[in-house]
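Q: Got a structure here, written out as structure tokens. Questions coming.
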Amino acid sequence: MDKLVIEGGKPLSGTIRIHGAKNAALPILAATLLAREPVTLRNIPKLLDIEVMLDIMRDLGCAVLRRGDVVTIDGTVADSSHVPERLMRLMRSSVFLMGPLLARFGEVQVYQPGGCAIGERKIDLHLRGLAALGAKIEETGSRIVCKAARLTGAEISLDFPSVGATENIMMAAVMADGRTTIIGAAREPEIQDLQRFLNAIGAKVRGAGTDTITVDGTDNLGGCDFQIIPDRIVTGTAMVAAAATRGEVTLEGAESAHLISLIHVMRRAGVHIETEDGIIRVGAKGRPRAVDRIVTSPYPAFPTDMQAQLMVLLSLAGGVSVIKETVFEGRFKHVDELCRMGADIRIDLNSAIVRGVPRLYGTAVEATDLRAGAALVIAGLAAHGRTIVEQVHHIDRGYDEIERMFASLGGDISRVSDG
Ligand code: EPZ
């Protein structure tokens with residue numbers, strides 16, 4: 001298992017380019033199964049989750065070719081609609097395949113993806129949406145089989161603006177008979193990118209980015225050449241690392257419009273942030289100010305995927321901050337590790353009370369999930385002394401060689417492979 005070795009205390013400085021968005025690429029890769037011609041996707045990052053998804057697509061019979069960050073997929077030769085359990089358990093995002101496979105083959109077999117370090121991760125909203133489109137759903141143990149000779153457009157109301165459920169329903173609906181309306185839809189930029197992709201292959205999707213999305217079914221979906229949006233969470237992670245190490249960093253190929261809530265919170269903490277077309281500049285000289293209340297909530301509110309990273313910055317602030325996590329029930333696994341580095345954080349139900357300390361101290365810590373791991377890397381970069389981050393495979397799911405990104409900004413960080 002790889003480890004990251006970090007000698008902290010050095011302010012980050014320099015310029016990096018942000019890679020493509022994992023959470024846009026995953027549903028769009030699944031959606032290529034709907035195209036009747038080959039599709040070229042650009043800005044596809046090299047991440048564990050992406051490689052697992054490409055393996056699943058190959059397992060389904062698709063022709064997949066990767067050249068750098070360009071992936072060409074011919075889904076027309078796919079000949080299976082059964083997602084293997086071993087791959088399903090490896091990555092819960094394979095649940096995105098349900099909609100396209102059901103629309104394409106009239107049947108799909110998947111397995112309950114199971115919970116993970118951050119929560120139960122139910123898929124009841126996905127299944128309810130597909131059933132509303134006419135799918136018959138049979139659950140036997142962890143195996144789920146959905147069948148529908150033909151899907152029919154419907155009005156679907158989501159109890160919670162689930163990103164994955166919104167995306168699955170959008171993809172299932174593009175070939176359904178008639179109109180589908182999703183009420184209470186998620187509004188994330190990745191949903192908007194999926195709409196852009198679906199319309200590029202000839203679908204008729206409207207409203208992504210608002211809480212109501214309509215899809216008018218059509219059969220003639222062709223191919224396209226499409227570029228994925230930049231990863232807003234990788235962008236935010238680099239921004240927080242620059243501030244926590246009191247550095248000066250420029251991020252290129254970044255979309256500041258996708259990070260308004262984070263930018264506002266960081267400015268309240270005293271971080272200097274300038275934005276212009278495709279560029280974000282972040283600088284911090286002194287200790288951050290405490291921010292008394294941050295609540296994670298669906299987009300455009302403060303993103304749950306930035307909660308752990310921001311907690312590191314506020315653990316160094318002058319004063320007490322409160323962070324409330326309302327999206328996932330188990331997303332505080334990083335707190336114990338940060339406290340072992342000298343942070344003063346107390347959990348009260350789904351809120352973290354963060355009493356800022358002057359500095360953190362390096363020690364051996366363990367990544368428990370993707371964003372908690374990224375937060376521990378930021379803490380190591382800001383801390384005094386050496387930090388060893390273990391279980392780095394969690395981080396590799398969402399960051400393309402995180403050590404290279406921060407080393408190019410002057411961070412003293414390297415990867416040690418245990419073979
Ligand atoms: C997506 O996960 C992202 N993953 C997550 O990013 C992100 O944290 C999350 O959206 C929220 O923004 C991808 O896009 C691949 P949800 P998803 O459905 O779709 C409950 C990362 O770090 N829920 O919006 O799984 C669920 O339990 C990852 O990149 C149901 O109850 O998120 C959770 O509490 C982590 N029933 C909440 O909704 C359902 O059917 C949010 O889930 C579906 C979800």
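Cβ coordinates are placed from backbone N, Cα and C, and glycine is handled just like the others.
Quick paste from TrEMBL:
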type    : residues              : note
DOMAIN  : 7-404                 : domain 'Enolpyruvate transferase'
BINDING : Lys22, Asn23          : phosphoenolpyruvate binding site
BINDING : Arg92, Asp305, Val327 : UDP-N-acetyl-alpha-D-glucosamine binding site
MOD_RES : Cys116                : 2-(S-cysteinyl)pyruvic acid O-phosphothioketal
Q: What average pLDDT does the predicted model assign to the domain 'Enolpyruvate transferase' (7-404)?
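A: Its mean pLDDT is 96.
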Q: Relative to ligand 1, which of the recorded positions Asn23, Arg92, Cys116, Asp305, Val327 have a Cβ found under 6 Å from one of its atoms?
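A: Once distances to ligand 1 are taken from each Cβ, Asn23, Asp305, Val327 fall under 6 Å.
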Q: Per DSSP, Val327 (UDP-N-acetyl-alpha-D-glucosamine binding site) is which: helix, strand or coil?
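A: Note: Val327 (UDP-N-acetyl-alpha-D-glucosamine binding site) is coil by DSSP, not helix or strand.
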Q: Can you name the binding-site residues among Lys22, Asn23, Asp305, Val327 whose CA is within 10 A of the CA of Cys116 (2-(S-cysteinyl)pyruvic acid O-phosphothioketal)?
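A: The binding-site residues passing the 10 Å Cα test: none.
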Q: Which secondary structure state does DSSP assign to the residue listed as '2-(S-cysteinyl)pyruvic acid O-phosphothioketal', in the simple three-class scheme?
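A: Going by the DSSP assignment, the residue listed as '2-(S-cysteinyl)pyruvic acid O-phosphothioketal' falls within a strand, counted as strand.
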Q: If I take the alpha carbons of Asp305 (UDP-N-acetyl-alpha-D-glucosamine binding site) and Asn23 (phosphoenolpyruvate binding site), what is the distance between them in whole Å?
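A: Pair distance, Cα basis, whole Å: 11 Å.
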Q: Through the lens of DSSP with three states only, how would you label Asp305 (UDP-N-acetyl-alpha-D-glucosamine binding site)?
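A: In three-state terms, Asp305 (UDP-N-acetyl-alpha-D-glucosamine binding site) counts as helix.
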Q: Compute the C-alpha separation of Lys22 (phosphoenolpyruvate binding site) from Arg92 (UDP-N-acetyl-alpha-D-glucosamine binding site), stating it in Å without decimals.
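A: With the alpha carbons as reference points, the distance is 13 Å.
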